Structure formats: C-alpha cells, structure tokens
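TrEMBL has this to say about the protein:
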TRANSMEM  12-32  transmembrane segment
DOMAIN    97-302  domain 'ABC transmembrane type-1'
TRANSMEM  103-124  transmembrane segment
TRANSMEM  136-159  transmembrane segment
TRANSMEM  179-202  transmembrane segment
TRANSMEM  239-263  transmembrane segment
TRANSMEM  283-302  transmembrane segment
Amino acid sequence: MRFAHTAGRAVLRLLLVIVIVSFATSLLLDLVPGDPAVALLGETATPEQVAALHQELRLDDPLAVRYVAWASHAAQGDLGNSLATGESVTSVVLDRLPVTAELTLLAIMLAALIAIPVAILAAYRPEGVVDRVMNTLTSGFIASPPFLTGVFLIFIFAIKADLVPPTGWAPLSEGLGDNLQRVVLPAITLALTEAAMFYRVLRSDMITVLREDYILNARARGLPTGYILLRHALRPSSFSVLTLFGLSVGRLLSGAVVIEVLFALPGLGQLLVNSVLSRDLLVVQGVVLFMAVAYVLINRLVDVGYGLLDPRVREAAAR
C-alpha cells in the first residue's frame, strides 16, 4: 500500500512537470513574432494559402484550445507530423535521440571519471599541490561557457594537432573507432564543466567526512588509507554529488543544443534549433517533451539511488 502511494505521487509529479514544461513551450512559441504559416510557406505564399494553413493547423484558435488538442493526442502517443517535412514527429525525434543520448551519457561518465579520483586526492591533502591546481582549473572550467571550450578544443585537437575530425557524426554502425573520433571532443566539452562541479562538491564533502570521529578511529586502528577513503569516506560524501548528477542531466541536455550545432551533430539539440528557426511547432513541442520526460525520469532514478546509499531515506519515503 505504501509502495503504491509513493509510486502514485511520483507519477503525479512526473505528469505535473510535463504539463508545465509543454504548456510553457507552447506559450513561448505563441509569443514569437511572425506568422508560423508564412514561415512555413515562405514569403511568396498567397493569402489564400496562408489562410488554408491557418485553418489546417488551427492557428486562429486560442492557445489553450490548441494545447489541449495537442496534449490529448500526445497522451495517446501521437505527437503529430512535422509541418515542414510531413514526417511523424515521434519518428524524427527517435531518429535523433541516439546521438544526444550517447553524447550525454559519455559526457557524464567522463565527468565522473575525472572528478571522483581527483576530488579524493585533493580532499586527502587539502591545500596540497593537487588541491591548489584543481581549484584553479575548475574555476576556469566553471567560468567558461561550453561553446567557448568547444571552440578551443576544436582549434587545438582538430585543427592544429589533426587528431580528430572537427565536426560531423559517425553512428556506431559504421564502427566504434569512427564513432568515438566524432563524439570525443563534444563529450569532453560538456564533461569539463560538470567535472569541475562534481569535483568542488565531492572535495568539500569529503574534507568534512574525513574529520568525523569514525574516520579518525579507523586511522587509529591502522586501516589502510585507500580503504578508509573508498570504503568509509566516499559513500557518505556521495549524496550531494548524486543530487548534482540529477541536475547535471538538465544542464547537459540544454548544453547539447549549442554543442550539437557547434560540432554539427544530428541530435535533438540541432533538431530543436532547426525547428525553432523554421517555426516547426510540433517538432519543437515533441523534442521538449522528450527532454522533459528524460530529465524527470533520471531525477526519479536519483531518488532511488538515495535509498540504495542510505536506507533511512528509503524508510522515510515509504512512510
């Protein structure tokens, strides 16, 4: 019974977020200057053609009426067809989804692989060489916008060193090597900012944990330093990082919009930009809907992760 109640609340929160995000998207698109019908048909369209498209797309209906009509179809899995190409919005989004999913997953894995070991070393010796160097580097990464980091990486590794192609995409079906060559620079571009944030949070929490009495007792008993750091200190220091992980997904999805355009990757980010520029309203709503659902579901998984790390959280959620 408690599980059903908890699951029901989670589903309601999911639906509420999706409704708010999708309606806000519809509202913002409605506020954009210009006529979507003219943007789709071109400046040479006749008034009769524009009027016909207005009637077909119900553009003269109030926003609330159009949103309810779209939401009722979306709830049945029908996101409509692209106004520009006539293709199914669901098919278009699913075709682009693997690119963004791979980019986001690789970026967050790289961020964790970079941040966690360095944060442990820095926390073990605060104000040491590693700590001072990393504090300087992370300040730079956090202050630099990802697109600027991406331009710098393209210049160094693609143009000067000629190690990887500067732009473009190769799916996994064409070979892992070609795929990694195309995705590594965009992934590193997104990962560096996230790694800097992970490092800052984990370092701070670990410094606090390493001053706890049970850590001092473990040291007094002669336990190996590596065992103390990984077994006793890392786990209680991971809660803030886990929270940051959930928020990081949202930043990576929004960052992917710019990075995919910069590196010419055919993902959801580039699809969203192209659809906004062409006023392809249904595709924009479809992309935003997919991103919102992904963000909410991943944050729900983070909540589950809390319960796995700390049974007290799981028991509190069950009450």
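Including glycine, each Cβ sits where the backbone N, Cα and C put it.
Counting Cβ pairs closer than 8 Å and at least 6 residues apart in sequence, the transmembrane segment (239-263) and the transmembrane segment (12-32) reach fewer than three and form no contact. Long-range contacts of the transmembrane segment (179-202) within the same chain: residues 102-104, 106-108, 110-112, 114-116, 118-120, 122-123, 134, 137-139, 141-142, 144, 146, 149-150, 153-154, 157-158, 164-166, 168-172, 237-238, 240-241, 244-245, 248, 251-252, 255-256, 259-260, 262-263, 265, each at least 6 residues beyond the stretch ends and with a Cβ under 8 Å from a Cβ of the stretch.
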